[in-house]
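Colleague: The [2Fe-2S] cluster binding site feature in Swiss-Prot is assigned to C40, C45, C48, C78; the stated evidence is sequence analysis. According to Swiss-Prot, the domain '2Fe-2S ferredoxin-type' annotation covers 3-94, on the basis of sequence analysis.
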Amino acid sequence: ASYKVTLKLDDGSEAVIDCDEDSFILDVAEEEGIDIPFSCRSGSCSTCAGKIEGGTVDQSEQTFLDDDQMEEGYVLTCVAYPTSDCTILTHQEEEMIG
């Protein structure tokens, strides 16, 4: 299956990508030329963090976020697969760390 992922970028613009259920959101965004920050690419830091505004993802491979952060909607886009159409606010590392 493929899902529409709407990325709300830090400059106020939005980008919509078609992301397969077995593709990481960050990888597809990069292929489309969308600038999302990243560092480790393995779900063990917070550089690529986003916040889900709607829809669902599978980020079971991540090791950085705690349960509270995930309940608040934070997502590591480098290890997140879409499980529905979803909307993600990008560039959320500073907001998340506070």
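Placed from the backbone N, Cα and C atoms, the Cβ positions cover glycine too.
The model shown is predicted, which means the values in this text are computed figures rather than measured ones.
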Colleague: Give me the non-local Cβ neighbours of C40 ([2Fe-2S] cluster binding site): same chain, 6+ apart in sequence, Cβ-Cβ under 8 Å, ordered along the sequence.
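Modeller: Listed in sequence order: T47, C78.
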Colleague: Restricting to the chain of C48 ([2Fe-2S] cluster binding site) and a gap of 6 or more, list residues whose Cβ falls under 8 Å of its Cβ, or answer none.
Modeller: L26, I36, P37, F38, S39, L76, T77, C78, E93
Colleague: Determine the Cβ neighbour count for C78 ([2Fe-2S] cluster binding site): the number of other Cβ atoms within 10 Å of its Cβ.
Modeller: 26
Colleague: By DSSP, what is the split of the domain '2Fe-2S ferredoxin-type' (3-94) into helix, strand and coil residues?
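Modeller: The counts are 17 helix, 30 strand, 45 coil.
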Colleague: Only counting partners 6 or more residues apart, tell me which same-chain residues put their Cβ under 8 Å from the Cβ of C45 ([2Fe-2S] cluster binding site).
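Modeller: Same-chain residues close to C45 ([2Fe-2S] cluster binding site) (Cβ under 8 Å, separated by 6 or more) are S39, F64.
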